[in-house]
Structures are given as structure tokens and as C-alpha cells.
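Asker: So TrEMBL has the following annotated:
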ACT_SITE  Glu141  active site, proton donor
ACT_SITE  Glu312  active site, nucleophile
BINDING   Arg102, Asn140, Trp320  substrate binding site
DOMAIN    5-391  domain 'Glycoside hydrolase family 42 N-terminal'
DOMAIN    400-591  domain 'Beta-galactosidase trimerisation'
Amino acid sequence: MLGVCYYPEHWSEDVWARDAQRMAEMGIRYVRIGEFAWSRIEPRRDHFEWDWLDRAMDVLARHGLKIVLGTPTATPPKWLVDEHPDILPHDEQGQVRGFGSRRHYTFSSETWWRESARIVEAVASRYGEHPALAGWQTDNEYGCHDTALSYGPEDLKAFRRWLRLRYQSPDQLNEAWGSVFWSMEICSFDEVEIPVRTVTEANPAARLDYWRFQSEQIAAYDRMQCEIIRKHSPGRWITHNFMGFVLDFDHWAVGDNLDFASWDSYPIGFVEKFPFSEEERNRWAETSHPDIAPFHHDLYRGVGRGHFWVMEQQPGPVNWAPWNPVPKPGMVRLWTWEALAHGAEVVSYFRWRQVPFAQEQMHAGLNLPEGDELSVGGHEAEQVGRELRKLGDLPASKRAPVAMVFDYQTDWTSRIQPQGKDFRYEELAFRWYEALRRLGLDVDFVRPGEVLDGYALVVVPCLSIVDEKALAALRKTNAKLLVGPRSGSRDRNFRFPENLAPGVLQELTGNRITQVSTLRPGLRENVSGAIKGGAVRWREYLQSDADVLARFAKGDPALTKKGNVYYLACWPDEVLLTSLMRNLAQEARLEFLELPEHIRIRRRGGLTFAFNYGTEAWDVPSGAELILGEKSLKPQEVAIWR
């Protein structure tokens, strides 16, 4: 099904009914409203103006549209900031991030929690049982604009409280952090400072704890909103719209609060956000890389325990990236079908009409800024609506044959102590995912410790800290298990594990890592044996009692196998990674199809979907019973077959 984001407060009331009618005619079923409307709902303290929102919801309801209501906490109004400036966040330099845009609050402020609870209570108690209300969105894009972490006085107070609960005494904190190094020991929790603005690098254990503290606050803040909503709105679902490539907090933990996950899909904007080469950015500038959106679809299907929405789908050029090209004709339709292929239950476009004022006036919508004229993306959304009506309900998604263990804490540890400037966990995970998708394999994302029954292949690009639950799940699986570099390299206090890395994975992998080397750009070590290619960026030196399947040029183990467990001791280049995934797919007895770089396929139930991101046509497999598209899949086209 399709949805759209709508802002009745931006438009004259005399266009609302016409907008709602046209939405329904296009095949739109869900409309998200309200998430930025605090100043219109409560223009001054305790003076609520509900009439306009009452009327807007009633107009949408009369046209058969279902409403997703956002809590308006992403935009604290000016009067609240003036009353309580302590709610404002601070950047790493200690400077206040002030009023004038959005997300201008810190999760550490007790005042902010009270004010958030107050407005959520007010909105939920008024609309919680509105007949057109389908569900709720909490806040908007936690962590976007680097707002997951704040570094001000309120954050310091909250961090000290968190540490007291975690460590009980300064001596235990000193021991956990290794504070004897450089005379960093404390005698009181009141002596703890936020680990930023130090002369040289701050203690990595302190930095990791600060990240954990902020992440736990976000999950708790979201849980507070959910509890209020459920009290006033029984039977309605709750979601949150995560933002792509924002890894500063644990999305799995927030997902535990929700009925399902949502995310905001801006495939072309993310080309600039991800560390692609300039050559790749130019190649995919008008289509996006074929795996950016699917990576997130599969991730949030996991966070949502099998269920997810795209709450905001890019409908044309955006405004917030360094460069904002117009998508090639057909891409908005392709992205929509691709989300549905990966299991999205609703794809909701941002936004209904391009706004002609303020910060996002250059951001496209389904309609041009004035009147009822559809944009190019609007026409493509209309086409998808017709196609969905023709095809009917899509089958349910099935478990994929491959699981990827994805961990936010590993991203934090790699950023805190990269050792090599270009070691980025998100990029390593993405490249492994890309290699699997180039083989036409479907992938599920799972959190560390999740039961892995039913998978033929499990890949762990990196899991820096392996707790007991994660270790038990890896030990138990009968799947072919691939573990990547730096896994098990630290304990929970950011120390080397006893007997060195991979720590608790030593018995499982048969390896002990004695040293590592980071390779500058342009340096590469050949790898040969069962797989062939090169090691770049990161390379480990192993002592191994496992079978050695591939070696570096000097004879050291590069890929080992012990039982069903494979260990890769490097960051693989594209050739080596392709060779490795092909080898493992064969070992796992998976059927795979080696695809051109611009073609991707995905299965949903008994249907197979294909997508062409490139400039050349591709022939779908012979014998396919097409229900959408043609046997020759043209650029920016979609095909579906049984």
C-alpha cells in the first residue's frame, strides 16, 4: 500500500478536501501528519488550539484515508526554549545548538522529558481513539543532524548518574576504564568529565560508555512516549521513522518499544552520505547505488521483527545533500516497488506537495508547489497505485537463506579506535551485503544473540565485543558461519580479551591474533588459495590450529575453517570478497545467480522482483511467468514474475 506525508498547517484550509480526494484517487491509503506541528497545537503554554487539527483529520477521514499521527517532539517551540534553555543540546566544542531548525533538544534534560510527556499526553488523550487513526509515529528521525549525542551540562549530570548506577564506586570505574593510565583515576563520580575536548585522544572505554549512555537514553525516551500513547490509544500501532546511515544509537533497542519499524528512504541523498569513491558517486548519481535502499529495507525489516514501512520515500531531488540531482525517469517507481519487494507493508512519500518556503523549499514532493500539478515523481507514484490495484495483495515475505549479524556498538568501537583511518564498520557491512546481493541472494539482518535457526549461511562482518548471548547463538548455529576481522577484539570495558583476539571466539575459530597491520590507500596484499584477490585497509596475523583455506603472499593464514566456522583475517577487496561469497554460497548449497553490477533481484513469497539501475537491458530468466514488466528489463524498469 501507499502513503504520503502531509502538512495541513502549511496550506490554506480550502485545499484540504481537494488534496484528500486526489490522494485517494491516486491509491494512497495512509497519511502522516502532525510531527512538526507543536507551535500550532500549543502556540503558548497551556493554550491548545485543536480545531484546525480536528478539521484536518475529519477531512482526511471523509475521503477514506487512514491517519498516522506523529508526536510533535522533534520541534520544541520558541516559547518553551525561552522558558527552559536547559533543554538545548551542545556540540562537541560545548557550544549551544540553538533554536531555529529542528531536533534542538538533549535527551539528558529532565525538563525536556517532562515537557515531552506533557505534549504527548495531550495529543494522545485527544486523538487516541479517533476513528480514522491507524497508528502513531514517535518523534521524528532520532539522531538525525548528529543529535544522538550532546555534550552540555545536562548531559554531564546525567552521565554521572548513569555511571553511579553502572559502577557503584569510583574504584570499580577506574578498574573498568584502566584509569591508572596517564593518571586518569578519580576519587568521586563528580570528577568525571565528558570524554571530549581533550589534548589528545580520550580514554576509549570512557567514550564507549558515553555512547552507551546516550543510546540507552534514546531508547528510554522513546519507551516513555510509547507507554503514554498505549494508555490513551489502545489497539493502535506505534512506529518510529529511523534515518538511513544514522548509527549513533542502538536501533534494535528502540525497535523493542515499537510494533514495527519504519525508515526514511532517500537513496540519492545517501550516495553523498556514504563513503563511496567519487567514481561510484558519479556512476550512481541519478539512480543511487543498487544496494543503499535494500540494505536499509532488510535492516529495518529485522528491527521491526519482520514488519516495516518506508515512512518517507524520496519523490525527486532533495535539498540537504552537497549535490541534489533529479532522479532518472522511472526511479521513484523503481524504489517504491523495490521497497515492497523487500517486505515493506506501506511506502509513504515525502511529501504531498513541495513547500514554497523555508528550509525545505528545494525538496520535491508528489505535486509542484502550487495547485494540483503532479511532479514527475507524482506521476510515477500514481502509476504504482494503478499497478498495485491490478496485482492485488502481495504475498508475505519469507525468511531469507542468509543472515547478517549487524551491531551498532561495533560501529561505535570502530569510530572510537579505527586504528586505520579508513576502517569503517558500516562500509564493511555494506560491502559484504553488496557481494551477497550480487549473487542474487536474499539477506535478513539479525541482532547479536538472535537465534539463527533456519539459515544456511550466517555472516558476521565484524563483532568487536561478543557477549555471552551472542557467543551462544554463534556456537549453536549449524549454518556455514563466516566471521570477519576485528571480531572479539575487545571485552565490554574496551580491553584486549584474555589471550588476545578473537577472545571468546578463539575456540570457535581456532585462531589467535598476535598483531594487526593497517594498509594505506593503494597498498594491497595478495591472497590465494580457495579464494583469490587482495587484502586492503586491514590485515591480521594469525596463530591457527584451523584448516587454512587461503594465505597471504608471505604464507600467513588469510581464511581459515574450523568445523562450520570460517574466519577472514582482512578487509577484502572486491575481487576477494566476490570470490569468498561465491565459495561460501556453494558450500552452503545455495542457489545463486551472478548478476551484473546494475541488476538486483528479490523474492517475496512466490514472486521474484528484478530492478535495473543501469544503462543496459537485462533479460529475465527463461521460463519466468511475468506479471509485471517485460522479458527484456530496460534501464530503470521493474519486472515481477512467478
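Note: Cβ is positioned from N, Cα and C throughout, glycine not excepted.
Bear in mind that TrEMBL entries carry predicted annotations, made automatically and left uncurated.
Locate each feature and note its surroundings.
Answerer: DSSP classifies Glu141 (active site, proton donor) as coil under the three-state reduction. In sequence order, Ala74, Arg103, Asn241, Phe242, Met243, Val246, Asp264 are the residues near Glu141 (active site, proton donor), counting only same-chain partners six or more apart with C-beta under 8 A.
DSSP assigns Glu312 (active site, nucleophile) to a strand.
Over all protein chains present, the Cβ of Arg102 (substrate binding site) has 17 other Cβ atoms lying within 10 Å.
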Asker: Using a 10 Å radius around its CB, how many other CB atoms surround Glu312 (active site, nucleophile)?
Answerer: 24
Asker: Let me know the model's mean pLDDT on the domain 'Beta-galactosidase trimerisation' (400-591).
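Answerer: Its mean pLDDT is 98.
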Asker: Round to a whole number and give the Cα-to-Cα distance in Å for the pair Trp320 (substrate binding site) and Glu312 (active site, nucleophile).
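Answerer: Checking the Cα atoms of Trp320 (substrate binding site) and Glu312 (active site, nucleophile) gives a distance of 15 Å.
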Asker: So which other residues, same chain and not among Arg102, Asn140, Trp320, have a Cβ within 8 Å of the centroid of the Cβ atoms at the substrate site?
Answerer: Ala74, Ser101, Arg103, Glu141, Cys144, His145
Asker: Give the distance between the Cα atoms of Glu312 (active site, nucleophile) and Arg102 (substrate binding site), rounded to the nearest whole Å.
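Answerer: Between the alpha carbons of Glu312 (active site, nucleophile) and Arg102 (substrate binding site) there are 17 Å.
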Asker: Which state, by DSSP, holds Trp320 (substrate binding site): helix, strand or coil?
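Answerer: Where Trp320 (substrate binding site) sits, the three-state DSSP reduction gives coil.
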Asker: Let me know the largest Cα to Cα distance in Å among the substrate-binding residues Arg102, Asn140, Trp320, as an integer.
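Answerer: Greatest Cα-Cα span of the listed binding residues: 16 Å.
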Asker: Long-range neighbours only, meaning 6 or more apart in sequence with Cβ under 8 Å: which ones does Asn140 (substrate binding site) have?
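Answerer: Residues satisfying the criterion: Glu35, Phe36, Gly70, Ala74, Arg102, Arg103, Asn241.
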